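The domain 'Rieske' annotation in TrEMBL covers 183-286. What TrEMBL records for 77-97, 109-129, 141-162 is transmembrane segment.
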Amino acid sequence: MSLMGFLDRVADVATFDKVIEPARRAVLGALKPPAVKDLLHGTWIGHPLHPILVQVPVGSWVSAGLLDVVPRMRPAATALIGIGVAAAVPAAASGAADWSEQDTGVRRLGALHAVLNTVALGLYVGSLAARKNDRGGLGRVLSYSGLAIAGGSAAIGGHMSYAQSSGASHAATAVRALSTDWLDLGPLDDFPEGRPALRTGTGGSADVPLAVVRRGTRVDVFVGACSHLSGPLQDGTVEEVRGSQCLVCPWHGSAFDLDSGEPRRGPAANPQEKLEVRMEAGRVMARVPSRHR
Ligand code: FES
């Protein structure tokens, strides 16, 4: 069985759901202030924060593993292990925030990822204590064990991103299915004022839902599938969020700036795909942006 096949089977195991769900609620409760949650998601930079933060502990621990091979470099290895331990805390917090708003399979694998990372962290803390007490041999055994477990856990994190699309923009996937021609979405006067309307864009093999918002003579056209988890933005609302007029997803409340598509409120960290718009004889025409053509 391939590694992906094995991890997919793990994601189907429901045995621990009765533990995972209370843990998820606890994370949601602990991250109640929306500003804190959005900070951890990466909404403020328009990019998931977790994959950025994990570079520090992973890089520090891998480097420490290499330096530990050379006896005179071991003090530097110890310092790097300490940096990795400190950096693991915010990385874990941002991962927990993302994990709390994912679907079932991602939450199951994410729980395993978190348990393995906690074990690895514990081994590294033990390694630091051993090194401090002049038990360098034990310290290295503990840190190499931590590195092995953190490496296995990283493979699970990769599966969550690449195979389960956790953290990926679901809107970017949907927009690629659209025809690259200008799409005629109908007369401007047919669109309601200030709320999203559903239109269907022609795709290669299947049509693609679009969420169209009219404000006076201005029209903004978005891919209907929310960048977070494909929620139907055409069923959402238009609201002012943090000073911007936004299209708000009906599933988890992510808010996207109508002007730019940037997320103004999470859990989405990726922008929402917007189409180019032009008017032609009173009709709304839309086309995928050039980066997708
Ligand atoms: S699908 Fe989660 S906020 Fe849109």
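Counting starts with 1 at the first residue shown.
Cβ atoms are placed via backbone N, Cα and C, with glycine included.
Remember, TrEMBL labels are computer predictions, not curated facts.
Since this is a predicted model, take the numbers as computed values, not measurements.
In this model, the domain 'Rieske' (183-286) carries an average pLDDT of 94. Long-range contacts of the transmembrane segment (77-97) within the same chain: residues 27, 31, 37, 40-42, 49-50, 53-54, 56-61, 63-65, 67-68, 110, 113-114, 117, 121, 124-125, 127-128, 131, 139, 143, 157, 267, each at least 6 residues beyond the stretch ends and with a Cβ under 8 Å from a Cβ of the stretch.
Beyond the ends of the transmembrane segment (109-129), by six or more residues, the same chain brings 7, 10-11, 16, 19-20, 23, 61, 78, 81-82, 84-85, 88, 92, 95-96, 99, 102, 138-140, 142-143, 145-147, 149-150, 152-153, 156-157, 159-160, 164, 166 to within a C-beta distance below 8 angstroms of the stretch.
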